[in-house]
């Protein structure tokens, strides 16, 4: 199963970009041996619309253009449910075993995701009850994908 992290906004050079790239590279390396041959990041330009609902609609359209048919969608949203790292790894393992070819992880922009995307997602997760900057959520999602690969591959990175 291929994994694709889709985020609104382009990460500028610096710590955020480096951390995201590092965790996704590690996830790709760890995932190949356990049925996840690739992990990639796709960045979508932020909408310049004035109103939040218009921005979400435009960004949602751009996200939908990247979604593969019959893929599994995971949305990261502040209103999603909290899950621990082992539960997240179980989710990825079950998805891999379902026979689907692609899993998309969606991160909205400053206004969040278009409601139609969260409604169509198989899973909607939150990183706790706090609100996080979408660039930081990208790093956290990349790290949790890597952590899930290490849990599924019985690597000592995760020590819970």
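Cβ coordinates are placed from backbone N, Cα and C, and glycine is handled just like the others.
What Swiss-Prot annotates here:
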type	residues	note
BINDING	108, 127, 128, 129, 130, 131, 132	S-adenosyl-L-methionine binding site
Cβ-Cβ distance under 8 Å to residue 127 (S-adenosyl-L-methionine binding site), same chain, at least six residues away: 76, 82, 137, 140
Three-state secondary structure, which DSSP defines for residue 129 (S-adenosyl-L-methionine binding site): coil
Protein Cβ atoms within 10 Å of residue 131 (S-adenosyl-L-methionine binding site), excluding its own: 11
Spatial neighbours of residue 132 (S-adenosyl-L-methionine binding site) that are distant in sequence (at least 6 apart) but have CB under 8 A: 78, 140
Among 108, 127, 128, 129, 130, 131, 132, the record's S-adenosyl-L-methionine binders - longest CA distance, Å: 16
Residue among the binding-site residues 108, 128 whose Cβ has the most other Cβ atoms within 10 Å: 108
Neighbour tally for residue 130 (S-adenosyl-L-methionine binding site), based on other Cβ positions within 10 Å of its Cβ: 7
